[in-house]
Amino acid sequence: MERIFSGVQPSGIPTIGNYVGALKQFVDLQNEYETYYCVVNQHAITVPQNPAKLREQTRSLAALYLALGVDPNQATVFVQSDVPAHAQAAWMVECLTPLGQLERMTQYKDKVQKQQSVQAGLLTYPALMVADIILYQANLVPVGDDQTQHIELTRDFVDRFNRDFAPKGKEILTRPERYTPKSGGRIMSLQDPTSKMSKSDSNQKAFISLLDEPKQVTKKIKSAVTDSSGVISYDPEEKAGISNLLTIYQAFSGQTLASLVDQYANSGYGQFKADLAEVIISVLEPMQAKYQKLYQSSDLDDILRQGASQAKELANQTLADMEAAIGFSYKL
Ligand code: AQP
C-alpha cells in the first residue's frame with residue numbers, strides 16, 4: 001500500500017483554506033493509503049508563539065483532524081515533537097542542503113517581510129519539512145499550492161541522498177509526489193483576493209476558521225471583497241473575489257463551477273453569498289459538535305500516544321538507515 005504523510009502547523013485555528021487545500025484530502029485518502037497525519041508543532045515555533053496557546057492549539061488541531069473524519073483506526077495521528085526523529089533527521093537534511101536553495105523559498109521571503117526579527121528556523125524550516133516527509137517514505141503528500149517548492153526541495157534532496165549515500169542500485173529514501181485538489185489548492189483572503197488565506201492573518205475578516213460560529217461565517221462571507229459588476233462568473237484575473245468564493249462554494253458543496261455559475265446566472269451577490277454561508281455552515285456545524293467532545297476527552301491523549309508510538313517505529317527505522325548511510329554508525 002502506498003504511503004501518505006501530511007501535517008498542519010498549530011499556529012492558529014485552521015481556516016477553510018487549510019481545509020480545502022489539505023485537510024479535506026486527509027479524510028478522502030485514508031481508505032486508499034497508509035496515512036500519517038501529524039500536528040507539526042515544531043514548524044509553528046519558526047515565528048514567536050505563546051507557550052500556553054501553542055499547547056492548546058496543538059491539542060485543538062489534533063481534535064479537529066478527528067472531528068473532520070480522520071479515523072485513528074486507519075490513520076496514524078500524532079504530534080511532531082513526540083517523535084524526536086523529525087528533529088534528528090532535519091539536522092542531516094540541513095547539513096546536506098545548499099543555503100541558496102533555502103533562500104529561494106518564496107514562503108520564506110513572504111514570511112520574512114511580516115516579521116520584525118527573523119529567527120534562523122524560518123529559513124531552515126523547509127529542511128524540517130523534508131525530514132517529516134522522508135522519515136515515513138511517503139509516496140504522496142497532500143498539500144496546498146503554497147507547498148509546491150517545499151515538495152520539490154524534498155524530491156531534490158531524496159535524489160541527492162540516494163545518489164551520494166545509497167549502495168549502488170538501491171534507494172534509501174522514497175521520492176514523494178505532491179497531491180493537490182483539482183481546484184482549491186489556493187484559497188484566497190476574503191479581504192484581499194490577491195493574497196492567500198492564512199490562519200495567522202491579523203485581519204480576522206480575511207479568513208473563516210473551522211471553529212467560527214455560524215453568525216461569524218455569515219458575517220465574514222457577507223463582507224468578503226467582490227466587485228461592482230454584480231455578475232457571477234469565474235474569472236480569477238478580472239473577478240478575483242467572486243472567483244475565490246465560487247471555488248470555496250465548489251469545494252464545500254461538491255457542485256461544479258459551471259453548475260454554480262448557471263445556478264446564479266440571474267441572482268445578485270447577496271443571494272449567492274447567503275447560500276454560500278449556509279453551505280459552509282452545514283459542513284462546519286456538525287464537525288464542531290464532534291470537536292468539542294473530542295477536545296475535552298482523554299481519548300484524544302490515548303490516540304496521540306498510540307499514534308506517536310506507531311510513527312516512531314517507521315521514523316526511527318528510516319533515521320537509522322540514514323545515519324548508517326552517512327557514517328554515524330562507527331562500531332566495528
Ligand atoms: N489558502 C490556502 N488554500 C489552500 N491550501 C492552503 N494551505 C494553507 N493555506 C491554504 C495548506 O494547508 C496546509 C497546512 O498549512 P500549514 O499550517 O502547515 O502552513 P501554511 O501553508 O503556512 O498555512 P497558513 O494557514 O498560511 O498558516 P500560517 O498563517 O501559520 O503561515 C498546507 O498543506 C498548505 O498548503
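Cβ atoms are placed via backbone N, Cα and C, with glycine included.
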Per TrEMBL, Gln9, Pro10, Ser11, Gly17, Asn18, Gly144, Asp145, Asp146, Lys196, Met197, Ser198, Lys199, Ser200 bind ATP; matching candidate in Ile134, Ile187: Ile187
Out of Ser11, Asn18, give me whichever of these binding-site residues has the highest number of other Cβ atoms within 10 Å. Asn18
Per DSSP, the region 'Disordered' (176-200) contains 0 helix, 5 strand, 20 coil
Ligand 1: which of the binding-site residues Asn18, Asp132, Met197 have a Cβ closer than 6 angstroms to it? Asn18, Met197
Neighbour tally for Ile187 (ATP binding site), based on other Cβ positions within 10 Å of its Cβ: 27
Under 8 Å between C-beta atoms and at least six residues away from its ends: which parts of the chain pack against the motif ''HIGH' region' (10-18)? 39-41, 43-44, 47, 49, 54, 57-58, 60-61, 64, 144, 186-188, 196-200, 207-211, 248, 252, 280
Top of the binding-site residues Asp132, Asp145 by count of other CB atoms within 10 A is Asp132
Round to the nearest Å and give the CA-to-CA distance linking Asn18 (ATP binding site) with Asp132 (L-tryptophan binding site). 18
